[in-house]
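Copied over from TrEMBL:
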type     : residues                                                                                                       : note
TRANSMEM : 81-99                                                                                                          : transmembrane segment
TRANSMEM : 105-122                                                                                                        : transmembrane segment
TRANSMEM : 300-322                                                                                                        : transmembrane segment
TRANSMEM : 352-373                                                                                                        : transmembrane segment
BINDING  : Asp421, Lys422, Thr423, Glu552, Phe598, Lys621, Arg655, Thr736, Gly737, Asp738, Arg847, Lys853, Asn876, Asp877 : ATP binding site
BINDING  : Asp421, Thr423, Asp873, Asp877                                                                                 : Mg(2+) binding site
DOMAIN   : 899-1149                                                                                                       : domain 'P-type ATPase C-terminal'
TRANSMEM : 934-951                                                                                                        : transmembrane segment
TRANSMEM : 963-983                                                                                                        : transmembrane segment
TRANSMEM : 1013-1034                                                                                                      : transmembrane segment
TRANSMEM : 1049-1069                                                                                                      : transmembrane segment
TRANSMEM : 1081-1100                                                                                                      : transmembrane segment
TRANSMEM : 1120-1139                                                                                                      : transmembrane segment
Amino acid sequence: MGRIRERLRRSHLYTFSCLKPQHAKGQNQVQGPGFSRTVFCNQPLLHKKSPFKYRSNAISTTKYNFFTFLPKALFEQFRRVANLYFLLAALLSLTPVSPFSPVSMIAPLVFVVGLSMAKEALEDWRRFLQDMKVNLRKVNVHVGDGVFNYKQWRQIVVGDVLKVEKDQFFPADLLLLSSSYEDGICYVETMNLDGETNLKTKRSLEATLPLDDDGTFKEFTGKIQCEDPNPNLYTFVGNLEYDRQVYPLDPNQILLRDSKLRNTAYVYGVVIFTGHDSKVMMNSTNSPSKRSRIEQKMDYIIYLLFTLLVVISLVSSIGFAVKTKNDMPDMWYLRPDDTEDMYDPDKSAVSGLIHLVTALILYGYLIPISLYVSIEVVKVLQATFINQDIAMYDEETGNTANARTSNLNEELGQVETILSDKTGTLTCNQMDFLKCSIAGTAYGTKSSEVELAAAKQMAEEQDEDLSNFPMHKDSKSSEIELQTVVTSNDRKTAIKGFSFEDTRLMDGNWVKEPNSDVLLMFFRVLAICQTAIPERNEESGSYTYEAESPDEGAFLVAAREFGFEFCKRTQSSVVIREKYTSGHPVEREFKIMNVLEFTSKRKRMSVIVQDEDGQILVLAKGADSIMFERLSKNGRMYEETTTRHLNDYGENGLRTLALCYKKLEEAEYSAWNTEFQKAKTSIGADRDAMLEKVADMLEREFILVGATAVEDKLQTGVPQCIDKLAQAGLKIWVLTGDKMETAINIGFACSLLRQGMKQIIISATSQDALAQDSKETFLLLASHQAVKENILNQITNGLQMVKLEKDPHAAFALIIDGKTLTYALEDDMKQHFLGLAVDCASVICCRVSPRQKALVTRLVKEGTNKTTLAIGDGANDVGMIQEADIGVGISGVEGMQAVMASDFSISQFRFLERLLVVHGHWCYKRIAQMICYFFYKNIAFGLTLFYFEAFTGFSGQAMYDDLYMLSFNVILTSLPVISLGVFEQDVSSDVCLQFPALYQQGSKNLFFDWYRILGWIGNGVYSSLIIFFLNIIIMYDQAFRKGGETADIAIMGSTMFTCIIWTVNGQIALIMSHFTWIQHVLVWGSIAMWYLFLLLYGMASPSYSGNSYKILVEVLAPTPIFWLSTLLVTCVCCLPYFVHISYQRCFNPMDHHIIQEIKYYRKDVEDEHMWTRERSKARQETKIGFTARVDAKIRQLRGRLHKKHSTLALAAHGTMSTS
C-alpha cells in the first residue's frame, strides 16, 4: 500500500496551490539590496570561507554563555539598588573609620549575590541542556559520491544536501529538490511555526524531479541566489541556477526549520538558511531578564530609605562636627592638643566628613541586605509548593506544574491580561464529528462541551435567578433534563474523531428514514469530497486516514461509521465500500474528474466525479455563508431549517460546513473542462484569478443536502477555567495562526464569544477589493497608505460604536487578522488599535506569525502598563512567552520549546486557574506583607541607633553589642518573616476558587501601594520612638538594680533590644491570618531564642562577651523593671496596628475579612443561602465566559416573560374595554 501511495501523482488532486505552470526560462526575480544570499548546492566547502561563510546550524536560547555569565549576572544583581548600596558600604568598611569589621560587611554581600547568581546559572543550565538536545539530533547528509551519512544538526552547513525521512523535523530551511512521490509533492506539518495542525503541501521544481535517489547526487551542483535571512514565514524570493538554466523559486519549494515531514517517505533538500538565520529562529527573541513589579517598586523604597539614611547621617556628621569644634577644647581628658583629624577642633569640617562615612555604615540597618536573601528563600519555597501542588498534577502525562523561575511568583497575583495561543493550548488538536443536519432534520443527541458546561452553570443558578418566575416549575424540570444530559455524556469517546450518538442513523437505520435518498447523498459527499489517503491497519482490518486537516479526517471516520468506508484511492478514482445501500457490503468506484480544493479565500471545496452509472456529479462542502448563496431555486428546500440548526451548532461552539451537490450533463462538463484546462495551463499573473473565475462558473445551482457540526475538542476544563478567570477580572486575548473562521468557532466554544456579542472585524481587504478578480487590480486600488487609512477608519468606527453604545450589558469582540495587524502595529496606529482592543470584552487575532504574537504582547504590556501573561505550547509561542511579564508553557504534544522559554509550565490550560487565582493570590499577598514588615522592623531597629547617637554627642558609639546587631536579621527575626512569606493564607485554596474576585486585590495592588508602604514605614518610626524614649523615661535617673545602681549602656541596650524583639515578633503575629504549628514555633521560638542567646553569650568569657557577661542571669532577669518595661513598651508599640485592624474589620472590611468572619462563625455551613449570596457578589462583572452567557440567557428569558405579561395585560384590558 505504501508503494502505491508513493507512485501517485499527487498534483492531480490539486488545482490552485500546488500545480504551477512552467516558468519562463531565464527569468530573474532576485536583484537589489536584501537579496545577497548565494548558496552553492552540494558544495559546502565553498561556505567555509568568506564571503560565503554563514552562521552555523547550532542554536542557543540561553541568557548567558561561558564568557558573558560573570559580567551579565553581576549586572543583573547590581541592578538592585540595595546591592549597590551594600557594595559601597563593603568598600567603606575597609577604611579605619568603619564601626564594623570588613568581614561582617563583605561576607553577607558575597553570600546574597552568590546565591542569586547560582540560581540564575542553574536555570540557564537547563536551557543549555535543552539546546544541546536539539543540536545533537541527527539527519542524513550527503558526504560525496552519492553516499549519505548521519550527522548532528549542529554540523550542518549551508549548501549541504539532506535526506529527511517521514515524521522527522527539518533541521534548517531547505529548498525542496524531490520527494518519494514522483511529482515532487510532500506534506509538511507547521504546528511549531503557526500552530496549525492541518498539513501544508509543498512541491519541488520540475527540473529537480530526477534527483530522486541517493546516487543521483553524485554529480549534482547548482547555485541559489535568494533573499537575505528574514522573519517572514510566508514569503521567499530566489532563483536556482541548475543545468545552465535559471528557475524562479517561491515559498512552495521551501521547507522551514522546525516543521515536520508527514505522509511522505522522504524528501531531498539543500540547506539555504542555518541556525539563527532560519526563519523560525529569526522570529524568536532573546531570553529576557524579567523583574517583578514589586521588586521594581522595592528599588523606590530603597531610594526613599537611602535618602533617609543620608539625611540622618548628615545630621549626625554635622552634629559631630559642631560638637568637635565647640566642646572638644574643654574635654581635656581626650587630649585635644594631640589627636587625629577625626577629633581635631581645628578641622571640624574634616571630622564631620569622616564621621559621615561612619554614620552611613552604622545606620545601614535601615536598608536590610538580608531582605533579598529572605525573599530568595521564600520564593524558592513558594515555587516548591507550586511544583508539589497535587491539584495541578496531570495523570495522563504524569507532569506536575513547574515553577522554572522563582523570581516572578508574586507577579502571578497581579495579572491583568492573558494572551493565549489556541491550538494545543485551548484545544486538543482533535476534531470529533458530533452532530449533523440532513434534509432539514437534526441528528446527534450527544451534547458538546459548551452545552455541557452551560447546562451545569444554568442548573446551579436557576434556583436563585428564576425562583420568582411563574415558570419556575418548568425550569426545574428542564434542569433535570440538563443534568441528565450532563451525566449521560460523561463516558469517553470510543472512536477517535467520532462522538456522534443517534440510533436513527447508526447501524444502517438511516435507510428507514423518510428522506433516505438525501441521506445517501449526504454520506457520499462526506466520503468522496476529500483528498486524503487511506491506510489499512493489518491487525484490525480497518482504515485510518492521512488527511490534510483534522476536519477532513473526522468526516471520513464519520462516513466509515455510517457505512460508507473510503478504502482505496487510485490515480483517477476513489473506492467506497457501502455497507447498507444494497443489503450487503458493496464497493463502488467513483472516477475523479477534477478537484477544486479548499482555500481560505474560497472557503469551499468541490470534487467532480462520475459514478458507475456514468452520471457526473459535483460534490461540494463549504462555509454556509458561501454555499447558501450558490444554491439553485429548487435546492433551497431545507435552507431555513438547516440555517436554524447551523445557528444552534455555532452557539454551542461547533465548527460547521454545508454539504451540497449538483448533477452535470456530459456536454456541460466537457465545455466547462475545456475552459478549466485552458486556465490551468495559462502562464501569467492572472492565472489564479482565471482559475477562480472558471471554478465559480461551475460552483453554482447547488442542491443543499445538509450540514455537519464538528467539535474542535477543547482541553479538559478550558471553558470553566476561562469563566473563572473572567470572574477574577482578567482579560483574555487569543493569538492564533489559524484562519479567522476557526478562531471564531473556538471563541464561541470557550465563551469568549457568544450570540448577541457585537463583533468588530478589522480587515485590510475591503469589500470592494474582494470583488476584484485580478490581484494586480487590487494592488493598484489599495496602496499601502490607502490600506492604512482604511484600517484606521475601521478602528475609529469601532471606537465610536463602543462609546455610543448605551446598553450596559452590550459586549464587543475585536477580531483582526495577521495581514491587518501588520498595519495596526505600526507606530502611528498601534495606540488607536490598543484603545479599541482594551474597550472590547474579548480580542481574537488570527493568522498571526510568531513575531506578531510577540509584538502584540509587547504592545499590551507597554501600552497598558499592566502585568501580562502569555501562555502557549509550541515553538511559535516562544516569542510572546518571552515578551510577556510572565510566560507559561504547556508541556503538551508540540515539543518542549515553549516550556524551556517559559517562567512556569503546566500540563493543561485549566491549571492556569489555580496557578493564578490560588498561588498567585497567595504569593502576591505573602511577598507584599513580608516586604512591608521587613522594612518596618529594620526601621524600628535602625532608628534607635540614631536616637542614641543624638543622646551621646554623635560619638559614633552603638548602643547594642556588635553580636546583637549581627544576629538581629540573621537569627532572631529571619524565620518568622520567612514563615509569613511561605505559610500565610488569608483564605484557603477552595475559598480562593469560590471567590475569584479576591484576585483583584493583587491586580489593584492593594497590599503594596504607597499608602500601605508609607503606613508601615510610619509604624516603624513610631515603634522606634516608643522603644527608645519610653525606655529612657522609665530608666533615666532610676535605680535599676537592688543595690541602687542605674542602668548603664549594656543594660539599656539589652533592655531596648529585648523590647525590639518582642515588638517585631508581636507585630508579625498580628499580621498573620493563618497559624500553623510551624508559625507558632518560629514566632514564639524567636523570642525564646533571644533569651537563650543572651544566656549563652553571657556565659562566655568576658574577653568575648564584654559588657554582656552574665547580664541576663545576674542583671536583667532578677529585675522586675526589666520585665515590666518590656511588657509596657511592646503593648504600646503594637497598639496602633491593633486599633487599625479592629476598626477596619468592624467598619470598613475588605473582602477577605468578611469571608474569614463567615468561616470563623461557620456560617458557610449553617447558612448556605448567605454563603451562596456572598459567592455571587464576589465575582467581577464580566462579559465573557459561561457566567456571562448564562446571565445573557436569563436576561433574554426575563425579557420574554415581561413581554408576555405585557401582552396578556393589554389583551385583558382590551377585553374589559369591549365588555
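Glycine is no exception: its Cβ is also placed from the backbone N, Cα and C atoms.
Unlike curated entries, TrEMBL annotations are predicted automatically.
Only residues 6 or more beyond the boundaries of the transmembrane segment (934-951), in the same chain, are considered here, and those with a CB under 8 A from a CB of the stretch are 301, 305, 312, 316, 319, 359, 362-368, 371, 374, 957-960, 968-969, 973, 977, 1013, 1016-1017, 1019-1021, 1023-1025, 1027-1029, 1032, 1056, 1060, 1063-1064, 1067, 1133.
Annotated pair Phe598 (ATP binding site) and Asp873 (Mg(2+) binding site), C-alpha to C-alpha distance, rounded: 27 Å. The two recorded residues, Arg847 (ATP binding site) and Asp873 (Mg(2+) binding site), show a Cα separation of 17 Å. Highest local Cβ density among the binding-site residues Asp421, Asp873 belongs to Asp873, counted as other Cβ atoms within 10 Å over all protein chains shown. Taking all protein chains in view, 24 other C-beta atoms sit within 10 angstroms of the C-beta of Arg655 (ATP binding site).
The binding-site residues listed here (Asp421, Arg655, Gly737) include Asp421 as those with a Cα within 10 A of the Cα of Asp873 (Mg(2+) binding site). Across all of the domain 'P-type ATPase C-terminal' (899-1149), the predicted model scores a mean pLDDT of 89.
Taking Cα separation as the measure, Asp877 (Mg(2+) binding site) is nearest to Asp421 of the binding-site residues Asp421, Arg655, Gly737. For the binding-site residues listed here (Phe598, Gly737, Arg847, Asn876, Asp877), the lowest count of other CB atoms within 10 A around the CB belongs to Arg847.
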